[in-house]
């Protein structure tokens, strides 16, 4: 019973996520349409969003596998880079971005640490999470 | 009933019982009940007897129970078999006579006893049916003999042999196994269709190849003439054009091999003489090269490929062929590089190879000429010469590219077997003298490499050459960019590549060809760090592939399968390396392999690895992978 309810909840959650992806895809498609002067049919947008959603599932599974393979319990940018190995250009891009982010993070950390150790310590923690999130968004 | 039966028997005594049955109106009323059966039976095949008789016993049995014991079907059948003659379905008089004769005595005898026995009349129809059956069974024998007789009668004129021989032969054939009835002689159902052996294609192909070789020989002559006449410039116009016109993929290696083979025996003599006249044969050479190129398809001498390619590239280069297959490009590059400086020339050739596709001939030839003249001095002519002379002496580069050396190196180079005779032209410029193609090719290739960079790997060399070439040549920008990119991409994960790689990079469509490493086997002493890429035995790939495909496969297909499998293995090995590195290890473990299989989709949540192991691997391997518990508290393999 609880599992069924959990499953239902999970199903609902999945549907909500799928809808969110679909909405974002539609928005992006509209931008592209305006930019290139072409039109996107609804089926196209739906297909793209479905593909994106399924591929995101694949990515999540692979990323978890990679993290577990490295005996870690957290997914890091290294896992993402390993995931993007298939496409050289994508890998280069991601590596570039991750380096930029890492360097900017380091700079921020150093600055903050220089200014004040105690107060800034908390802030650096906060900065880290958005950094990882942005990295994830890059991967997705 | 008896009367009726008696009538029927009497009627049946006639040769055509069917006719008798039908013709007697008196009997019709009585025989009506049997007619449908009779007619139905008679329609089955033989007109004489039918199975109507089989139904009659049933009818008559209830009427005459007393005689049932004596006239069981078995007894009747036995009587029939013993007594009834076999009648052939053929309308042969002899047979009919036999039938009638046999039939006649029977019915009278039966008739006499028909009054007594009820079943006797039934016997007749039964006999008929049984006879029918017997006839079908014995049909073969009678028909064969009859057939022989008939055949003899029919074909006396057709046979030159004596009738006796023919009959004997036919009888032999018949007895041996022709189950066909005479009327089926015309049918070919049992004959085997003529087998189409695939070897025929190969034979034709070989013949065509030989022709091509001859053509190449002629071309070589022409090339030699051209090269000799031109100083520092290779009149590869024709060759290059010919080669370029061939749009086949992977022509290079094939061409080179074949050319080498073909040229070798011929080159030594004709080269020098051929060099005199040149420009007049571009068209011819082109045509020949095209033909040659199109037909080459064997990987017999892969070692020669590289050299061949070099030769080809040079030639094509000069000719400024507008159309060039990627393979040709590589060849051109190589050839060109061979002719020119090792390093620079590589780039040049590659550039030129790339540009030949896109630029006019005139432009190209100019470029090539310029380059050739430029590099004439600094070129590895020595190397080439050394190669030509079977002595790997890189220091011999001192030999000028001038006409003086043109003859010998050129001859050698030509022999090296440019597919379209390109190599002769290209090499003729610089070298002179005749040498076995292989040696020349290999040596030139090696020498070039050695001279170019004793330091760089072959691959790196080529990569740098390519890249430098690309940068140098302005006109080749467009064409060279792709090679550079491909080159860079190809070289990044595989820093140690065999020499042929630059050729590959030049032609993006071509997958890497590890075979090219073969032409550069041993350095003559110069520091040559050419690591040969290990390859999977092509025979193994052929074996496995053909086993699963179950249909014949052409050689080209095998080549492509080889390339694909090589690509595949490269990819997965690099993946495995990345995975193990990801886990902070330096050794690839089973966990890495399982991760790879997961990525590939072979291992899922529903399909664990052990199940796959059980399904596909033999027991020996399975034992190693999956621990087995045996008696005595032992686990294999021990943990």
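Glycine is no exception: its Cβ is also placed from the backbone N, Cα and C atoms.
Model, not experiment: these values are computed from the prediction.
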- Pick from B:222-260, B:495-533, B:534-572: which range does TrEMBL record as region 'Disordered'? B:495-533
- Task: From the ranges B:266-294, B:585-613, pick the one that TrEMBL records as region 'Disordered'.
- Result: B:266-294
- Task: Would you report the average pLDDT that the model assigns to the domain 'CENP-T/Histone H4 histone fold' (B:545-628)?
- Result: 88
- Note on the structure: Counted with DSSP (H/G/I as helix, E/B as strand, rest coil), the domain 'CENP-T/Histone H4 histone fold' (B:545-628) has 59 helix, 1 strand, 24 coil
